[in-house]
Amino acid sequence: MLRHRLSTLLAVIYAAALFGFIFLPVAVLVLFSFQDGRLPVPPFNGFSLQWYEAIFADRKLMAALLNSLIVATASSAVACLLGFMAAYGFARYKLPGSVLQRGLLIAPMTVSYLIIALGLLTVLNTLGIGLSLWTVGIGHVVINLPLCFAIIYSSMGDHHVNIERAARDLGASDWKVMLLVTAPMLMPSILASFFLSVTFSWDEFIIAFLLSRFNVTLPVEIWSLLRSGLNPKTNAIGSVVFLASIALLAILELTLFRKKNTP
Amino acid sequence: MSVGKEGNEMKTGKRPGACMRRFLQSATALAAIAFAAPTLAQDELNALVWCDHTDPTLIEPFEQANNVKVNLKDFEGTGAGLSIIEQSQPGDWDVMVIDGVDVQRALDMDLFAELPADALPTADIFPEVRLDKNNSRDGKIYAVTEKFGYNTIAYDKSKVDVNDMKNLSSLWSEKYKGRIAIYDYYLPLIGIAGLELGKKTAELTDADLPAIKDRLVALKQNSKQVSDVVSSQTALATGEVDILLGGGEWITGVLSADKPDLDWTIPDEGGLLWTQSIAVLKTSKKQELARKFVQYIVSPEGQARLATSSCYWAMPANSKAGDHLTDAQKAALRWSDQASYLPKTQLYPVPSAELDQKMQDVWTEMLQQ
Amino acid sequence: MTTLSLENADRRKAWGFVAPALVWTVAFFVVPFLFMAAMSLWSRQGREIVRAWNLDNYLRFFGENALLKGLSNSLEITLTVTVLSVLLAYPLAWIIAERVPKRFQRTALILAILPFWTSYVVRSYSWLLVLTKNGVINQALLGIGIISEPLEIASTRTATVIGFVHFFVMLLTLTIYANLVQLSPNYRRAAADLGANGLQTFWHVILPLTLPGIMTGAFLTFVLCIGDYITPQILGGNNELVLPQIIMLQIGRRADLPMASALSIVLMLAVTLAYALCARWLKIDRV
């Protein structure tokens, strides 16, 4: 009994320490976004909203925010669509060499983003194709497609087959079955993979940095913000992104993913 | 904003998919709404610049006066800038900011267009930084100096012995071990290491590199970090280090209000003078607009804004800019002390492509020590 | 029963589903990768990229200490980070899976990964501010009186490692937790019935069963960590360079894409080696 209590105590201490470690930079970030003055380090001079005003007045930063939103949702939508179709194809049909092909689809996951970016950069450069948000989006589909495919494929169990067959027997075409029967059944994992890849794309730096030009995504803009003058604007934009993501997460958690918990 | 145009390209692309198309349409519409105001029938100017040009207070007046959108991409160091140009298509860029000493390098690559002499306020530019030899070739002007400053020693005067700062060699002493940041740009720092060894920057050759490398490695061992503009500012401002070698008014000026103890000096061995020039790209399809931009930047108003831009402060090249600066700003820029600084400084080394590679190698090796 | 023609029709249909993803991956991943591999055999001379095939870039890599050291720095940092992250994350995942009541587990898990959603660049920068001489940690420790001189953490390898470990502890807590909750409690009961104590059960039963999950997470950590540029660039203070920093220098300062490509291939080989070493535990497509 004593041992159990002792181990519980240890567990609490350990968890508290690790949560402290995990939240330390975020807490500091948010605190100093309210700093009254240019230096985002102690001492805390007083509470001020000036840096929040500054970021909302920063046209480039706001444009980057919108760019990120567009690139993240569009590239994730493409990645999900392609991933879902491929998962459906592999799960429902026996294709020759399918192990190899599945391996190919997963392969980008095992390669550093820097290498993916550099590969695309060398090709685009040689072909003389200009860099834009489109090239960033293409890169993001490359990194997110394996993820979407893996998640959706692993949730595609055999028990769905009967329902699909029933639909087909009732005269539905393959595409109809996929869109109207399979997709709704797999919606939780499709959504999960969509939001996961939105998260990755939203936060991705190196591909966005190397494959973009004037219209940049938020992480790239934050990077140049960091290099163009010391002030707590970086803290403010970081905090805004954080709070907005938490809000979104909370909404998703309370609506979409709630169902998954209660069978 | 070109999202709208690209949206149309995507729609005719290979991979329609009803959902995707609907999504793209709404995304395009969203983008169009968000950018409706500034995109109406606007011209765009693409400028490859240093970070001081990205300050909206500098760019927006020009944008509004000419109803254009200035697209800015910032880079550090001529190598990086030329590398971006090489990776672009001709005509992608209209204006470029470049180290004064590297204008000739760009002219070797035939990058810049001639600037008519009557378009420039040459008479108003401080004669010491006019640098005709750098900015022109065969009697034709290709670039104009817009800003200048020094790479010397910046420090926190409440923490160091100010007398030590008059001597470059003190930075190698045990006393300042772990209290120094080195500015991460190989050219001026190799120049400074040369000065410490009593070598003139203009005369550096291959043969000097081994000795310079040894000095740099020793310096590295005595210092805390090697960092870019903002990391350097951060380190000085937060007290992480007390000295920045390679720093100057460009690092202390912008922080003058928050950190009055930050100061800089030119030691007895001398310091490096940097100048930045601005030029119009030869392949630009908007020669006239580009020239207008250059004229704006070197005008007294533009110069005052550039001198006190949010990334870093430094002396404007146009002497008339003083009329648009406050006394406090002029004090932070040390407006009236320039005459005493300029004779003590030398320009950046101008290496051949081959020597440049070797210098970069020395720098990489130094970082890896 | 099924005729040959039907099978063919089926196959064509199947290709219709699978092809778009495959084409995308080949066009934007395989081809660029092969192109980059080819380019690594070219070289940059002066301002030109010379398309003559040779191994110069690789010879230069193995001949220059500064470049080789980039690889060894990368490997040392990545291995340290991977091991530390696993060691720190496993107990946390275990506590969440075993000690936190079922209905709070999801909340606890989400809390553990919440800082994921601060922007990644901002997170590294925030660590810099936390670790600097006048940062919160030093101020707090000085205030309590544990130390009399501020710790020199910022701009060192330690800072880089801390920044990385922070990120990967979150990632690994997630993957290890997912693994732990899949274990049937029967295993533990069986082990107890056979007279094993808690530690023995863990060592002989739970650990081996969760090893695939750990290895998968560790491998992901390795891949993401060894290819990262931001964290060492912001936190390392340029006191040593890792391979991605050297690659970025080639792209940014020299426009030397062939050399950058060669270095990337080296990076790739390091990852492949890591993959080969832990391949038998990996289940990448089950992440």
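Cβ atoms here come from the backbone N, Cα and C positions, even for glycine.
Within its own chain, the transmembrane segment (C:21-42) is flanked in space by residues 49-55, 57-58, 257-258, 261-262, 264-265, which lie at least six positions past its ends and keep a Cβ under 8 Å from the stretch. The feature transmembrane segment is assigned by TrEMBL to C:21-42 (among others).
The feature domain 'ABC transmembrane type-1' is assigned by TrEMBL to C:71-278.
The transmembrane segment annotation in TrEMBL covers C:77-97 (among others).
The transmembrane segment feature in TrEMBL is assigned to C:109-130 (among others).
The feature transmembrane segment is assigned by TrEMBL to C:161-181 (among others). Taking Cβ pairs closer than 8 Å, the transmembrane segment (C:161-181) reaches residues 77, 80-82, 84-86, 88-90, 92-94, 96-98, 105, 109, 112-113, 115-116, 120, 123-124, 127, 131, 153, 206, 210, 212-214, 216-218, 220-221, 224-225, 228, 231, 234-235, 287 in its own chain, all 6 or more past its ends.
Sequence annotations record features per position, and here TrEMBL assigns transmembrane segment to C:201-226 (among others). Sequence-remote contacts of a segment are chain residues at least 6 beyond its ends whose Cβ falls under 8 Å from one of its Cβ atoms, and for the transmembrane segment (C:201-226) they are 74-75, 77-79, 81-82, 85-86, 89-90, 164, 168, 171-172, 175-176, 178-180, 183, 187-188, 191-192, 243-244, 267, 270-271, 274-275, 278, 281-284, 286-287.
If you look up TrEMBL, you'll see C:257-282 (among others) marked as transmembrane segment. Nonlocal intrachain contacts for the transmembrane segment (C:257-282), taken as residues 6+ away from its ends with a CB within less than 8 angstroms of a stretch CB, comprise 36-37, 39-44, 49, 57-58, 60-61, 67, 70-71, 74-75, 211-212, 214-216, 218-219, 222-223, 226-227, 243-244, 246-247, 250-251.
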